[in-house]
Amino acid sequence: MKMADGIAILRRNKPGTKAKDFSRWPDEPFEEMDSTLAVQQYIQQQIRREPSNIAQILTPPEGQDEGVWKYEHLRQFCMELNGLAVRLQADCHPETCTQMTATEQWIFLCAAHKTPKECAAIDYTRHTLDGAACLLNSNKYFPSRVSIKDSSVAKLGSVCRRVYRIFSHAYFHHRTIFDEFENETFLCRRFTLFVTKYNLMSKDNLIVPILEEEAGTGESEA
Amino acid sequence: MRVPGQCGGTMEDPSSQNHNGQLGPSSGGFCAENKQSDEGNQRIQYSIPGILHFIQHEWARFEMERSQWEVDRAELQARIAFLQGERKGQENLKNDLVRRIKMLEYVLKQERAKFHKLKYGTELQQGDMKPPVFDEPGVAEMPVDGESPYTSVSNISWRQGRQLLRQYLQEIGYTDTIIDVRSNRVRSLLGLNNNAEAEENLNNAQPVPTALNGNEPVKTARKSQQPTSLTEAMMLDTEAAVLANFEFLAQADVDLEDDDDISEDLDDQGDDDQDDVKTARRKGKGNDGLSDDVDAEAQVVLNELILLTETEDNTDGRHQTDGTEWGSGMGFQSGAGPRRQMGFINDEEAPDSTLGLGELAQLTVSNEAEAFGPLASTKEFRKTWNAKYTLRSHFDSVRALAFHPVEPVLITASEDNTLKLWNLQKTVPAKKSASLDVEPLYTFRCHTGPVLCLAMSSSGDQCYSGGLDGNIFCWNLPNPNIDPYDSFDPSVLACNLEDHTDAVWGLSIHKQRPQLLSCSADGTVKLWSPQSKIPLLSTYSSEQDGIPTSVDFVRDEPNRMVAAFASSHCVIYDLETAKPVVRLESSQEVLNNVVGRQINRVVAHPTLPLTITAHDDRHIRFYDNTSGKLVHSMVAHLDSVTSLAVDPNGLYLLSGSHDCSIRLWNVDNKTCVQEITAHRKKFDESILDVAFHPSRPYIASAGSDALAKVFV
């Protein structure tokens, strides 16, 4: 990233940019972001700076509307979950994981269909992510990314519950994949803290013991 | 329908001659006329050029038919507008007459009262003696015995109607049609003229002075009214009203107040027209300098007009002006344009009339544009693209998009690591907005980083995506009617071309061969044959030029490719020898200051030896492939130009930029045809890709606001 004095920094990924330089530009203060996508920009900027600093990532800028903040974070989670889905595609076969399960307690039914269906785990994963993408981009519920109706914010909870099952399935059935992914992205940890902070899921449903593990290894999270 | 017929004839003639000339009797089987003449003597021999020619011929025929339909449609539309105008005119006329009757009644009552008073010395009680009151503004104040007895409609509504019709004419821009309709009108006027003449005879009973202004004859009528009987006066009034109506139809706004600017202008125009007609008559049938069909046709109409004016000459000087004004005002707008110019040479009123010519000139221009050919004319008709579909489902910037070669289907690639398949025929009705929402049918997941580029195979069965992870994935396209929540099919991913060691930024697919070009931030351009066992065919790299940013196959030289570099260099390579063939020379200014001139996209023109590049310095540059010289350079946007697409016929160029707009350019004259603001900014990026559908009228743009939009 070349930076000449007096020349405004252009935060662009021009064709030919090397992978290591992709989106590597100096941080832009939130106050200076005048785009309608400022919250997304800010969240991504914080994640890029240090993906493990979850407390920082989950701290909204001052005066930020909470509905939009939660919405943009959930978008980011669903987007990053694509990475986990890609890894699962290689390992989670419909023959071996015929049902979406985590612990033996529940079989999750796929809500993407007219009548909830007992999809194979990989299908459940894909359908849930596709369905979340449709809902979160729906012109009906989320026509704006600057202000969001309360009735639409209420929908975020159910999306959280469904996508969390992808974490739990990976954790209980594809542990190596889960660990690899988690070490790179800290996504499950971030997600757990996110839903706890904003009360989007009940504690009983958070079955991946990710925070406890950390407490065990001595790292403390906010 | 004469003009289109003639056009059709002239256009068909050379083609059929061509056909005969090239094919000869040997391939006569293709053509019905030939077949008849050569029947029995010749065996049918199919040759590739023959077949091609036949297909081209057929295509030209279809195009011509289509343009014919367009002509017909435009004509009918013009007719509708015309009839609507006429209806309005009739209504005005009716109102006018009603008012006149009331007025006359009033006058009659007054006369009676006066007579009664004189005779008996007492007031006559005859009921309502108030002057008639009219609702219409501008009429109510009309003096009963004033100078202006027949302002039927206010100026404003006349001018509105006139403006509307003019707008309409400009919109359709189809002078041939207009002339046709016009000539019809002239003929029908001639029919009407007989009636007018009959009335004229009545009028001739009175001495009619040669008048200059529209109100003159009415004044005479008024004057004559007093001594003669009321019925005759009424007749005259009616006639005046009819004439006034003519003038309305002629869109010539005749105001009765002499000091009114508009009326003066128009009267001048009318006079000019008269002069012009005369000039034209004097200059005769030669009509030098104006030799195209339209003018020839206009000449015919003009002759009719002359006939008309001559008839009217016998009766009334003023009516001649009326007639001419009618003809020219109504239909002649464009056709009369050049002729008027002729008249101006010795015309005092020229300045006034040039105002009118400004609009007329425009019409003539659009007329010229029509002459490019059937294809151009259809394009001409659909000038504006409007956003129709919004594709929302990505979570982050949409980096690339590609249309299916036939179906209304497209694929988008995004920084959210996925690609999505969309079928534009499967829409979700969106409330409160004109644009339709489409939901994706399939999500392609395999990239572990942002997907940066996309290419669709010419069969539409497969597509290729390049990502920041350095992979190029080859995907088998699912059926465009697939259930979006079907079970996972691993065979959608056909293969992975993983030789690049850094982000893949550009892909291009060969139109005929199953070959793929890719360029990467690792500094190489690679040629692939994705279906083969060893897909990588060759690798090209250039120390001198640096990192390639975009590649494309050269269309007219199937063994060449053009690669653009971040260093703003652009080089055509021979694929076999892997050697540079032509360096597309950067202009002097670029050489002097290379910083910030990076090429973001290079595309090869589909038919011409032309390469088009999109630069960071807001320019689009055109290079000649043979000489390597810069043909044209233009500042195309307010910010970096990021993407380019050329339509399949090579007539239009689409460009997208970080200034949030996409622009459509005419490749021929390099002018901007349309600009659409399409996407919002994320950081400093806005529009990242644009595309033309290869066979359907769709264009699309992809933006960093995670949306893709399709325009129709």
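Every residue gets a Cβ built from N, Cα and C, even glycine.
The feature region 'Disordered' is assigned by TrEMBL to B:1-36 (among others).
Per TrEMBL, compositional bias 'Polar residues' is recorded for B:13-25.
Annotation source TrEMBL lists domain 'Striatin N-terminal' at B:48-179.
Summarising the annotation, TrEMBL assigns coiled coil to B:66-93.
What TrEMBL lists as region 'Disordered' is B:200-229 (among others).
Summarising the annotation, TrEMBL assigns compositional bias 'Acidic residues' to B:260-275.
If you look up TrEMBL, you'll see B:260-295 (among others) marked as region 'Disordered'.
For B:312-339 (among others), the entry in TrEMBL reads region 'Disordered'.
Among the features that TrEMBL reports, repeat 'WD' is placed at B:391-432 (among others). Same-chain residues lying 6+ beyond the ends of the repeat 'WD' (B:391-432) with a Cβ under 8 Å from its Cβ atoms: 438-445, 447-456, 458-460, 463, 465, 467, 475, 477-478, 480-481, 682, 685, 688-689, 691-696, 698, 700-710.
With a threshold of 8 Å between CB atoms, the same-chain residues lying at least 6 positions outside the repeat 'WD' (B:444-477) that come near it are 396-397, 399-407, 409, 411-421, 491-498, 500-512, 514, 516, 518, 520, 522, 528, 530, 689. Look at TrEMBL and you will find B:444-477 (among others) tagged as repeat 'WD'.
Per TrEMBL, repeat 'WD' is recorded for B:497-529 (among others). Here the repeat 'WD' (B:497-529) is broken down by DSSP into helix, strand and coil counts: 0 helix, 17 strand, 16 coil.
In terms of DSSP secondary structure, the repeat 'WD' (B:634-675) contains 0 helix, 25 strand, 17 coil. The repeat 'WD' feature in TrEMBL is assigned to B:634-675 (among others).
The repeat 'WD' (B:444-477): residue composition by secondary structure is 0 helix, 19 strand, 15 coil, according to DSSP. Taken together, the residues in the repeat 'WD' (B:497-529) have a mean pLDDT of 90 on the 0 to 100 scale.
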